[in-house]
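Enquirer: Submitted below is the structure of interest, expressed as structure tokens.
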């Protein structure tokens with residue numbers, strides 16, 4: 001099963017005000033993880049060490065003292081119409097590194113005007129330059145005070161473009177940058193309207209392990225908005241979530257289960273979950289999952305069953321009552337016990353509620 005994430009990563013806890021604690025399932029994005037210094041001989045290493053002293057220069061940049069003058073010089077290199085792509089790449093890389101570990105640098109770079117020119121790189125035809133731009137924006141966004149400024153610089157649509165078109169690292173880092181912005185309540189709807197959800201679902205489905213995690217975390221945050229839940233259902237989110245939940249090797253069981261719970265809070269999500277054969281997956285989780293997985297599966301089944309006699313019947317036929325009874329008897333936390341009991345109660349009165357709609 002997947003590893004527990006340290007409890008210190010608790011920034012998402014507040015998304016669940018109804019007592020379910022998702023904090024252990026999701027961790028916030030760190031500064032960029034794409035390797036700045038590829039091993040020699042790797043296909044991309046030439047773009048980092050060209051010009052002989054490139055790698056040395058970048059190592060120096062990483063540890064160099066910050067100066068507004070240096071940053072303004074790097075911004076000029078980015079904006080110069082006559083600058084060769086190679087010098088733009090170096091400038092973007094140095095900005096990215098300056099923002100990587102130092103919170104003070106992130107504030108000062110934003111104040112020095114770095115965000116606009118970096119956003120412009122997201123439409124650049126050079127994939128490496130686009131990747132550096134995305135990653136520098138992610139690093140700058142790790143300072144909460146910069147998030148509004150990044151959105152105001154028009155970054156949302158360009159980040160969605162990078163999410164659709166970029167290198168694997170650019171796509172992961174674009175998902176992370178959108179996650180950072182989506183933590184602001186007023187930006188969630190704008191990000192959904194900008195078309196971020198379909199490419200996040202694609203990343204969830206087709207990305208590598210890191211990409212899947214980043215996509216799930218960004219989607220979980222965006223799905224606090226009702227409209228975004230519906231967009232996610234329309235983008236086909238339910239099938240990949242169920243596939244991940246049914247595959248312990250994915251390391252994604254908990255994350256996918258929490259995202260599915262957000263999806264089944266709307267009728268469209270409930271219908272899609274049932275249609276995609278989600279009930280057997282959830283009942284299996286109640287039976288064999290970890291304590292946290294059992295809890296979130298019960299909560300999702302409650303959502304699915306609450307308004308539909310037809311769905312209740314399907315859940316009973318799937319054999320849900322015995323594992324629910326076992327869970328209600330063994331549950332250590334009062335809340336878990338109550339949830340399981342509430343679901344048992346609902347399932348047992350299904351015959352008297354034959355006229356319920358779904």
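Glycine is treated like the rest: Cβ placed from N, Cα and C.
Feature list, courtesy of TrEMBL:
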type: REGION; residues: 1-50; note: region 'Disordered'
type: COMPBIAS; residues: 17-28; note: compositional bias 'Low complexity'
type: COMPBIAS; residues: 38-49; note: compositional bias 'Low complexity'
type: DOMAIN; residues: 72-349; note: domain 'U-box'
type: REPEAT; residues: 113-155; note: repeat 'ARM'
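Thinking about packing and proximity, how do these listed features fit into the structure?
Expert: Summarised as a single figure, the pLDDT of the domain 'U-box' (72-349) averages 95.
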Enquirer: Go ahead and report the DSSP secondary structure tallies for the repeat 'ARM' (113-155): helix first, then strand, then coil.
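Expert: Going through the repeat 'ARM' (113-155) residue by residue, I get 33 helix, 0 strand, 10 coil.
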